[in-house]
Amino acid sequence: MQDTVEFRRLPGPVDELPESPCWQSAISQVFWVDHCSKSLRSFGLSESSCRVFDLETDGNLRFVKSQSDSALLVGSERGIYQFDIGTAILAEFGNPPPLSADTCINDGAIGPDGEVVVAISDQNEEMPLGGFYKLSDGTWDCIHDRVIVANGPAFSPCGRMLYLSDTFGRCILRYEFETGLTERFCDLSDREGYPDGLFATPNGDLLVSYWGGGMVEVLSPGAVLLQRFELAAKNATCCCVFQYSDARYLLVSAAGDKDGSAGVFLRIIDKGGEQTPIEPSSAGSRASGCDRRSRGSVSRRQRADRPGDRRRS
């Protein structure tokens, strides 16, 4: 099912590579980062105003995630930080992830119980030097490696599984914490574009943003395509879904070319009780995204070429 309703671009500075939009419900604000700067952005839906926080981080910003009602977890190329929203104070968080001179942090996630996972990529996007790492008792444990560009990641609602985006492998992986095993969740080599950021809804559906595809797809817990949202911007980088007032919204960040099409885009996906495939289910069925299902094997495809000029500078 393809959706053609137009998105609305949020006002504010035009970023070169906006990423990692997240919703802070306690203050009704959207936050995101610009991969090409050290600026954290925010937009308040109630007051329709934009703010810019210039942070002193080690490298440009890579992701921002809601950690609590008053704090955000912010990742830069080479460090993880906690940002206090009220005071705008930035503090280092935990031990530095395992980086080399050739790798950098590219994305990150926080689980339902506060677990932190980072995605590490090759700086030049050429060699399989990256992977996904979980912070456990102050130590970063590798849960999947040999990835060129690591994206996502996204926790299932129950927190027992983690979805991982292998951008150049053009597939989504799924890691199970209890067994320590990683499986191929779905092969996306037949799609236009490359899987970038991921977002898991409360009922277990997975939203996939496509760099070079100009779209966001909604996949069921069984990897079935439920819905597709198209954007005017070609390079969708990440997205999230949230409730505000009487409506639910889809928020998508997208990088542009020289046409100025980059930005963070918002659209209503349901209002007044009208359900869509990504409407959260009742609390009694939240664990539907945690079912252990057998899907059979998926043939591995040869690594795709680089998706254009995607280097993080």
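Yeah, the Cβs are placed from backbone N, Cα and C, and that goes for glycine too.
Among GLU6, GLU16, GLU19, only GLU19 appears in TrEMBL as part of the divalent metal cation site alongside ASN151, ASP196. Between the CA atoms of ASP196 (active site, proton donor/acceptor) and ASN106 (substrate binding site) there is a gap of 11 Å, rounded to the nearest whole number. Apart from GLU19, ASN151, ASP196, the residues listed for divalent metal cation, the same chain places the Cβ atoms of SER20, ASN106, ASP107, GLY152, SER165, THR167, GLY197, SER209, TRP211, THR237, CYS238 within 8 Å of the centroid of those Cβ atoms. For the recorded positions GLU19, ASP196, the ranking by surrounding Cβ atoms (within 10 Å, all protein chains) places ASP196 first. Predicted-model confidence for the domain 'SMP-30/Gluconolactonase/LRE-like region' (17-255) is 95, expressed as mean pLDDT.
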